[in-house]
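Record features (TrEMBL):
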TRANSMEM  B:12-30  transmembrane segment
TRANSMEM  B:42-59  transmembrane segment
TRANSMEM  B:71-104  transmembrane segment
TRANSMEM  B:110-131  transmembrane segment
TRANSMEM  B:152-175  transmembrane segment
TRANSMEM  B:207-226  transmembrane segment
TRANSMEM  B:238-255  transmembrane segment
TRANSMEM  B:288-304  transmembrane segment
Amino acid sequence: MTEVVAQTAPRASFLTRDRIIKWAPLLVLVFLTLVFPFFEWLEDLQEGKQHLFLVDSRFFSIRNAARILIASTPALMVAIGVTFIILMGSIDLSMEGTVSVCAVIFAFAFISWGGTLASWAWLAIPLALVVGAVLGFINGLVHVRLKIPSFMASLAMGFVGTGFALLLTGGDRIRVEDEIFRSLLTVRWFNFPIMVYVALAMTLLAWFIQSRTTLGRNFYAVGGGEELAHASGLNVTRVRLMGFTLAGVFFAMGALLAVGRIGIAETATGNNFMFISITAVVVGGTALWGGIGGVWNTLVGVLIVNVINNGMVVIGLPSYAQDGVLGLLVIIAVVLSTDRKSVSFVK
Amino acid sequence: MSFERIKPHLPWITLLVLVLLVGIANPSFFDPAGLLSLVTDVVPLFIMALGMTFAIYIGGIDLSVQQLANLVTVIATVYLAKFGVGVALVAVAAGFIVGAISGFVTTRLYVPSFVSTLAMGFVALSAAKYFSGQRALYMDAELRNSSFGWMFGNTAGVPHELVIAIVLLVLAWFLQTRTTFGRSLKAVGSGEPAAIASGLNVDRVKILAFAISGVFAAVAGLIFSVKLSGGDANLANGFLLLAIVAVLVGGTPLTGGVGGVLNTAIGTLIVMVIRAAMVYLEIDATQQQMVFGIVLIAAIALTIDRSKLRGVVK
């Protein structure tokens, strides 16, 4: 007589590697939003000022949440752009140049066409998006047609972009003072400025592209196994080119929000976006090898990065530590997301 | 004659053609004193590129060199009073440690080198900001001259800086061609799986290569710091692009295995001539980055060994 033996215990299969990797970023985010108020509470306790944990926290407040979200929005757009590329197993390091060029061209066009959104100057917005798309397309062409690894092709294109932005501005700052455009930051609905809602809408659009279009599915196909995708008749070159073009559009969107937030367009507008966005993507759980992760991971990743940056200020950690903490975070995130059995060596 | 046969000779031919072009357009370019000062100016960049050569030679890349040099300018300035000439040792140690950590993270933790070195660069930036208190620092002139004044003297018309560069070049060349370590580098760069299969301790070779890159970046930072008599967390910004360009136009491809430190010497001279030409053509400094970015793309496209990429270029 044969007995039916229970297969693997449900407890063991509950905590699979895949599942841990999938939910870890969100848990980290929740943990961070609780741990910073705790340090704050501890600090107050030492100084003899007691406050209720979470309730009276300076960190855990709507005002601070708005601050974190405002800081997050431009980086979120850039990070979403690069998410598509990383999903394909490539990388795009050109964002600093692209953001600067888009910001500067937008500002020039905006001012020379009237200087207010109520005039023809609104055309500067689509113009900036087109510029981003063109830069992304060129970037993709250099990578795909010249067969240069994407990290190097895009790094070089980033240098070209920054140089081009510098050429356009000659080092000057261009002020964009139109009240209607700046209402992105100044007008608030339910405590949050409009730019947060714009970013949310763009995130939903990105999610739609990723999960409801052929292009989005092709990104996963290329990232999951390029040879296989190619063998099954997919035009991989075309998918890559479209990916880089799409990333360029999102970089341009990031540029618009960055200008909206600060009111200034300059060569330095793009500074720091590279490291922050790459950090956000990998910390969010999108694997550098491609095929795993997506837009929601990136949203969580961007929030983690900005919560850390903001929280460190709130609990009084010195600002110089931030770059180092992010650097270590990237290494940890990549290490955790790497399945060592499937990698023989890396360059 | 096929392109593949000309390829190894392309760097020096390029250099020769550029020198002739610039010389014809502007005969004063050949003025020995001017030429000597041009070459001397490029020494810190050259040393950084020498180190970068080792990272690229094994098929990796080191994006931390610029931040590492920044960190060293700060360390050198802050600790000059305490250690005197000994600050050079501190700098070299810092470079070795940061480079070795990048190498460790790349080989043992499987993080691609462009990410690990980028991340370590930001760790170095943090440290630089910490040591400098986020200010620009200046060296005490007397202390600087007594400790490092010898770096900037002349012997029989030859600047000492240039001598340092040549000594380091010979050292790197010796390391690359005349030692077991150099042969291992070549093996790893030519084909890592084969090197592993033949029993080479590939991880150790790669970690050492990144450490050497770090050491050279630190020396570059030290010389730069003494030259400008100060330190700042942003002082060496702009070096990264030029260092990569110098290595690649010299003929060491991104895929590694061929080229080497002598190529980088030629590559650095090419960068120098291009820069001189741009000054002559009155292309101002702001546009140079764009030009070098395009030169970089062209250099990679010409040198890269596509057979090694096995059809898939990520």
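Please read every residue number as a count from 1 along the shown chain.
Just so you know, glycine gets a Cβ as well, placed from its N, Cα and C.
Just so you know, TrEMBL annotations are computer predictions that nobody has curated.
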Interface check, the transmembrane segment (B:152-175) with the transmembrane segment (B:42-59), three or more C-beta pairs under 8 A: yes
Folded-back contacts onto the transmembrane segment (B:110-131), same chain, C-beta under 8 angstroms, at least six residues removed: 55, 60-68, 70-71, 73-75, 78, 98, 101-102, 210, 233
Cβ pairs under 8 Å between the transmembrane segment (B:238-255) and the transmembrane segment (B:42-59), at least three: yes
